[in-house]
Amino acid sequence: MAYPLQLGFQDATSPIMEELLHFHDHTLMIVFLISSLVLYIISLMLTTKLTHTSTMDAQEVETIWTILPAIILILIALPSLRILYMMDEINNPSLTIKTMGHQWYWSYEYTDYEDLTFDSYMIPTSDLKPGELRLLEVDNRVVLPMEMTIRMLISSEDVLHSWAVPSLGLKTDAIPGRLNQTTLISTRPGLYYGQCSEICGSNHSFMPIVLELVPLKHFEKWSTSML
């Protein structure tokens with residue numbers, strides 16, 4: 001979840017988000033080491049009186065600064081590609097949800113059910129109840145079963161949108177005339193908030209997303225009540 005004055009990421013709620021956090025820490029450490037080395041060399045240049053203006057070539061140094069960056073790039077690229085392919089994998093989803101972006105709300109269709117569709121609008125600030133979050137609450141939450149593979153099909157009816165839920169590591173563009181897909185798995189129940197992450201007009205800031213992840217038996221009761 002998110003906290004007031006938070007500087008880091010939200011708590012990971014899916015295996016993909018956990019992998020992304022590990023990759024972030026891995027890459028950040030590499031960047032920190034490189035930056036420290038560069039600052040150390042600059043400080044030496046500014047403080048020492050030794051110069052090498054007569055040096056015409058240094059094969060050993062040139063070899064090192066050619067090979068070392070290549071190794072560093074490989075250390076960054078390999079885990080990045082691994083996560084990229086993991087995010088594209090969709091193996092036997094238990095449930096498929098079709099999401100359509102509109103100006104300025106979302107509509108959802110549970111394609112495994114005969115007639116389970118609804119629109120999801122932001123609740124105005126004047127209608128919020130105590131404890132509800134401003135600009136993040138909706139009238140119809142997307143209820144999903146936890147610990148199950150869920151496929152999201154995402155498109156748009158009008159302009160470009162982007163369906164994003166940070167704590168699940170999800171961000172997929174909603175493009176008119178094109179159907180994108182992503183997968184999500186939640187490791188624990190709860191409410192997870194997101195927003196449209198592509199500027200789509202004057203009310204772009206008023207397109208929140210709320211996922212309610214519940215145990216399977218509660219999801220079955222909810223789906224039965226909606227039909």
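Keep in mind that glycine also has a Cβ here, set from the backbone N, Cα and C atoms.
Here is what Swiss-Prot says about this protein:
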type	residues	note
TOPO_DOM	1-14	topological domain 'Mitochondrial intermembrane'
TRANSMEM	15-45	transmembrane segment
TOPO_DOM	46-59	topological domain 'Mitochondrial matrix'
TRANSMEM	60-87	transmembrane segment
TOPO_DOM	88-227	topological domain 'Mitochondrial intermembrane'
BINDING	His161, Cys196, Cys200, Met207	Cu cation A1 binding site
BINDING	Cys196, Glu198, Cys200, His204	Cu cation A2 binding site
BINDING	Glu198	Mg(2+) binding site
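Looking only at other Cβ atoms within 10 Å, the busiest spot among the binding-site residues Cys196, Glu198, His204 turns out to be Cys196. Met207 (Cu cation A1 binding site) sits 10 Å from Glu198 (Cu cation A2 binding site), taking the Cα positions as reference. Ranked by how many other Cβ atoms sit within 10 Å of their Cβ, the binding-site residues Cys200, Met207 place Cys200 at the bottom. Non-local neighbours of the transmembrane segment (15-45) in the same chain are 9, 72, 75-76, 79-80, 83, 86-87, 167-170, 184-185, 187; each lies 6+ residues outside the stretch with a CB under 8 Å from one of its CB atoms. Same-chain residues that are not part of His161, Cys196, Cys200, Met207 yet have a Cβ within 8 Å of the Cβ center of the Cu cation A1 site turn out to be Gly101, Gln103, Trp104, Trp106, Ser162, Ala174, Gln195, Ser197, Glu198, Gly201, His204. Summary of the Cu cation A2 site environment: with the site residues Cys196, Glu198, Cys200, His204 set aside, the chain residues having Cβ atoms within 8 Å of the Cβ mean position are Gly101, Trp104, Val159, Leu160, His161, Ser162, Ser197, Ile199, Gly201, Met207.
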